[in-house]
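Engineer: Found this in Swiss-Prot, in case it helps:
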type: COILED; residues: 146-216; note: coiled coil
type: REGION; residues: 165-197; note: region 'Disordered'
type: REGION; residues: 212-237; note: region 'Disordered'
type: REPEAT; residues: 14-35; note: repeat 'LRR 1'
type: REPEAT; residues: 38-60; note: repeat 'LRR 2'
type: REPEAT; residues: 61-82; note: repeat 'LRR 3'
type: REPEAT; residues: 107-126; note: repeat 'LRR 5'
type: TOPO_DOM; residues: 1-247; note: topological domain 'Cytoplasmic'
type: TOPO_DOM; residues: 269-314; note: topological domain 'Lumenal'
type: TRANSMEM; residues: 248-268; note: transmembrane segment
Amino acid sequence: MNKGKIENIKDKIDGNELDLSLSNLTEVPVKELAAFPKATFLDLSCNNLITLTPEFCSLTHLIKIDLNKNQLVCLPEEIGQLVNLQHLDLYNNKLKMLPIGFSQLKSLKWLDLKDNPLEPTLAKAAGDCLDEKQCRQCASRVLQHMKVLQEEAEKELERRLLKEREQEKKKEAKQREKEAREKEAQKKKKAEEKERKRKEYQAQVAAVAAQEQQKKKKEEKKKKAAQNQGKKAAPESVPKAKRSICSLFFSLLLKLVLLLVIGVSSVVAVCQLTELRKEAFCIPLNVHFEETVRWAQGLDVVQQVIQKMSDLRT
C-alpha cells in the first residue's frame, strides 16, 4: 500500500464502510484492514490492483467488497475462505476465469462480472447484471457453474490420482518383475556355476581314476612280465629236478628188481641144483618153478624164442 497517499485508514471508515477507492493502490493493506473487523464493507474500486494475495482471504469479516475498475487478472484460490461475503463487484476488470474455490462462497447473493474477458461458458453462466435481480441471478448461476467445475475438477483429480496409482502399481509390478527376473537370472547363474563346478569335479575325479587305472595297468604289466620271466626260468629247472628224481627212482627200482631177481634166482638155483631141494621150504618153491616153466613154455612168444635159439645153434 502507498502509505504516502493513505495516511490514516481509520479516517476512511464511515460506519461499517471502509472506502479505499481512487487511492491508486497496487496492493491491499491486509494487515491494517484486519485491525478493523467492524468495517464489513470494503470499497477498493478504481485502483490499480492486478492480483489479490492469499492473505486477503483471511479478512473473513467482510460482507461486501467492491473491486470494480481495477486491473485484476485472477483471484486467489483461497477466496472461498470469505465465508461471510454476500456482495462482490468485479465489474470492468481483466478476469478470464474464476478459481475453483469460488464455489465455496456459500453466502454470496450478488455478483457483477460485466466487462471482463470471461471464457465463453463462464460468460454464459454469468449473463447480464443490469439490475438487482440480474446480479442476484448472476451470483446463483456462477456459483452453480463453479460447483459443477469443482465436481469435474474433483473427478479429474480422482481420475488423475487413480491413474497415478495405476501407474505406480504398474511401476511396482514392473519393478517386481525386474527383481524377479534378476533373481531368476542370479539363481540360474548360481545353478550354472554349480553345474560347472560339478563337471570340473567329475572331470578331476575321472582324471584321477584314469591315472589310477593307468598306474594299475602298468603295475599289472610289470607283474605279468615278471611272471613270464619266472615261467621261462622255471621250466628249465623243474624238468631237471623232475629228471633227477625220476632217474634216482628208476635206478633204485631197477636195483631192487635186480636184487629180487638175483635173490629169487639164487633161491631157485639152490632148491633145484643142491641137495636142499628135498627140504620142506624148497618143495613148494620147486613146484611153483616147474609150473611157471611149463606155463612159459606154453606161451607162443616163448616157443618162438626157443625155436629161434635152436635155429641159431644148428
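Note: Cβ is positioned from N, Cα and C throughout, glycine not excepted.
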Engineer: Using a Cβ cut-off of under 8 Å, list the residues of the same chain at least 6 residues beyond the repeat 'LRR 3' (61-82) that approach it.
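Structural biologist: Long-range Cβ neighbours of the repeat 'LRR 3' (61-82): 21, 37-54, 88-105, 112.
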Engineer: Averaged across the topological domain 'Cytoplasmic' (1-247), what pLDDT does the model get? Just tell me the whole number, please.
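Structural biologist: Mean model confidence (pLDDT) across the topological domain 'Cytoplasmic' (1-247) is 89.
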Engineer: Short question: which residues 6 or more past the ends of the repeat 'LRR 5' (107-126) have a Cβ under 8 Å from it?
Structural biologist: 68, 83-98, 132, 135-136, 138-139, 141-145
Engineer: How many of the residues that make up the repeat 'LRR 2' (38-60) does DSSP mark as helix, as strand and as coil?
Structural biologist: 5 helix, 3 strand, 15 coil
Engineer: Using DSSP, what is the helix/strand/coil residue split across the repeat 'LRR 1' (14-35)?
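Structural biologist: So the counts come to 4 helix, 4 strand, 14 coil.
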Engineer: If you run through the region 'Disordered' (165-197) with DSSP, how many residues end up as helix, strand and coil?
Structural biologist: 33 helix, 0 strand, 0 coil
